Amino acid sequence: RRRQHSASCRELAVRCPRLQLRSLSAVTSAVWLAAYGLFVLSENSMVLSAAIFITLIGLIIYLHFVKIDQESLLVIGSLGIQVTSSYASGKESTTFIEMGQVKDVVINEAIHMQKVIYYLCILLQDPGDPQRVSEVVPLFQSSKPRLDCLIEVYKSCQEILEQRKTAPQSS
Amino acid sequence: MVLKVFFPSCCSSAESGILIGRWISEQNSAVILAVVHFPFIPVQVKQYLSEVQRVTKVSVSVLGSWNNSKQEKEESLSEFLEDLGTIFSHEPWIQISKEGDSKFWSCSTLQKHSNNPKEEEIILVYYDQRKVMLSHLHPPLDTATSTDHKADDASKLSAIFDTVAKSRILFMTDRYDDGPIKLTHWQSDGVEASIIVELMKQASVPVCMLLTFLLSLISGICRSRVLKFWPLSFLWSKLSTCEQLGHRLQHLQVIISNKKAQNQTQLMRKANIFVSLLIDVALGILLMSWLYRKNRIGHLADTLIPVADHVAEELQDLLQWLMGAPAGLKMNRALDQVLGRFFLYHIHLWISYIHLMSPFIEMILWYVGLSACLGLTVALCILSDIIALLTFHIYCFYVYGARLYCLKIYGLSSLWRLFRGKKWNVLRQRVDSCSYDLDQLFIGTLLFTILLFLLPTTALYYLVFTLLRLLVVIVQGLIHLLVDLIDSLPLYSIILRLCRSYRLAAGVKFRVLEQQDGKPLRLLMQINPLSYSSVVQTYRLPTYSCYPKDSWTSLCKKLFLGELIYPWKHKGEKQD
């Protein structure tokens with residue numbers, strides 16, 4: 001899903017698979033069955049209420065800290081790149097990287113277990129030392145889009161980054 | 001290149017006038033600080049700006065014109081505003097105009113001396129002036145190490161934050177004042193101040209002076225020569241309570257000093273220490289009131305003696321067990337009896353000592369409990385010291401057992417070398433071969449055999465007492481860990497992050513607002529606050545104790561060889 005706002009600003013968003021009702025009910029019923037078994041063994045009703053409590057807390061923690069709903073990339077030419085991940089509970093965590101620190105946006109390959117995966121990453125540079133890559137920031141970690149999607153995102157980013165390279169020469 | 005205009009969101013409803021701010025040419029961006037309204041005299045505006053520039057060292061200048069017309073476009077006004085561009089020569093001259101109540105403004109620039117007449121793209125970024133002024137930008141921790149590039153490549157954002165923060169004096173006068181200049185900025189809706197804060201500021205000066213005087217008295221007493229005689233100074237260094245009190249005294253000195261905090265970190269540190277002390281004392285007083293209500297401290301004193309008795313009895317049982325056949329191992333009867341009786345006598349002495357002290361315990365405890373009002377950390381330190389005093393006999397046993405074992409091991413190793421015909425050369429610090437006489441070899445072999453067969457007994461005693469000592473050390477260590485935590489937690493910073501999160505900024509985030517074709521891009525800049533873990537890491541207060549300095553392998557080696565272990569060494573103590 002992409003939205004173009006102007007000549008020098010693009011927003012690209014990738015959506016993650018939603019929380020499945022099947023897996024949620026499977027986990028809940030497993031926990032409650034185990035609690036019921038313990039209750040039968042120990043005759044203590046606290047076990048049941050503790051199990052309910054644990055399930056609720058666990059679900060809240062999972063939704064707020066673990067499950068990512070959508071990841072988006074906002075590229076503003078001459079200002080910087082902003083990476084946002086929004087969680088299932090509505091929380092958003094954002095990182096903004098200034099244009100002076102961005103060297104390039106590339107697609108990298110990695111060998112993970114038995115297959116080769118592609119991921120998009122931003123190469124950062126130290127402003128005082130433009131030749132050296134100081135850090136690599138991988139993008140779209142949780143949504144893991146496939147190569148065709150990555151290529152589209154890559155092309156959009158490169159269009160904007162090229163403007164940055166041509167601009168200082170013209171003015 | 002793209003022109004970026006940072007516009008304060010509070011000026012969106014201001015009357016027409018001219019824009020003043022700072023132009024950053026390396027980044028092609030203009031930071032607008034305020035709007036000056038009509039009527040004004042250009043000369044006075046220039047004078048005022050040069051004065052402001054002199055005070056704040058920020059190059060403030062007139063950047064452009066702002067046209068807020070409620071009705072249809074007024075041609076005369078816009079022409080007048082264009083003519084202003086010739087009076088205040090600034091390149092490029094920015095013109096922003098807003099029609100009626102529409103959200104989309106038109107923004108254009110006039111370049112007089114440019115070579116290429118290309119249409120520049122303009123990005124309009126709104127920012128909340130008050131929040132940006134108050135916030136403090138934290139660079140990511142790894143870039144803070146490279147300080148040689150700081151002057152040239154200061155990040156763009158910090159330049160913007162700096163500009164707004166340093167221009168505080170500009171925000172003192174606003175359009176309701178009667179001066180020659182009428183400004184609009186974030187304080188135009190009324191200067192913010194609080195009576196309580198002002199009163200506290202006035203009252204704090206004499207209070208600080210009084211406290212400084214008291215503190216110098218107390219530290220003078222502490223440093224007097226009387227307390228430095230050998231037994232007393234040894235005692236002070238061993239008791240952790242005195243360390244903690246000294247630490248707190250240092251903190252108080254930091255807060256009360258009259259010097260104003262230089263920069264942000266010092267201010268935060270002072271505030272953290274102040275809040276931490278306050279919470280500590282409050283918790284201590286709470287604890288004290290809980291202890292003294294229903295005379296709980298009397299009950300505590302009553303149970304102390306039976307507990308000490310119980311511990312001593314358990315130790316006696318343990319020794320009886322060791323003197324028999326512990327865990328099925330066969331001990332050397334004579335050595336066993338000697339060691340066992342020795343330790344039993346020691347315990348007997350200890351029990352009589354405790355019984356001697358028992359009438360005074362309640363009174364001592366009552367007065368010692370009063371000192372909990374100095375803080376919860378002091379109370380915890382006292383607890384740790386009491387535990388150390390009560391288990392002093394375990395410490396003694398550990399030392400005896402360790403020394404015996406250590407002697408045995410050294411004897412064994414040196415006689416083993418004799419077995420093989422080698423000797424330890426002290427001069428060269430290495431093992432050399434040596435030819436022994438026959439009688440030396442004979443005695444050496446005898447002694448070696450004796451020591452070897454007595455080894456299991458001593459080793460068992462050593463093991464048992466070392467385990468007991470380690471238990472006590474672990475309990476004390478946990479208490480010290482808690483004290484450390486209370487000492488070093490930056491509570492003020494955490495509360496600030498919770499309530500006013502814009503003051504601790506890790507960066508910014510941009511949100512794209514509604515767009516319209518042909519108009520410049522509109523973005524909203526908001527402050528991205530620091531995460532809690534980086535807040536704690538950046539603003540931690542330093543503590544006086546350090547963690548076990550031995551790694552696990554060296555600890556095991558020391559245990560094996562029988563050397564005494566001192567796991568919790570304080571910083572500043574001389575190593576023996």
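Backbone N, Cα and C atoms are what each Cβ position is placed from, and that goes for glycine too.
According to TrEMBL, the feature transmembrane segment maps to B:203-222, B:273-292, B:338-357, B:364-391, B:397-419, B:440-464, B:470-495.
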Message: Test of understanding: applying the rule of at least three C-beta pairs under 8 Å (pairs 6 or more apart in sequence), is the transmembrane segment (B:364-391) touching the transmembrane segment (B:273-292)?
response: yes
Message: Assess whether the transmembrane segment (B:364-391) lies in contact with the transmembrane segment (B:470-495), where contact requires at least three Cβ pairs under 8 Å among residues 6 or more apart in sequence.
response: yes
Message: Considering only Cβ pairs within less than 8 angstroms, which of the stretches B:203-222, B:440-464, B:470-495 has the most against the transmembrane segment (B:397-419)?
response: B:440-464
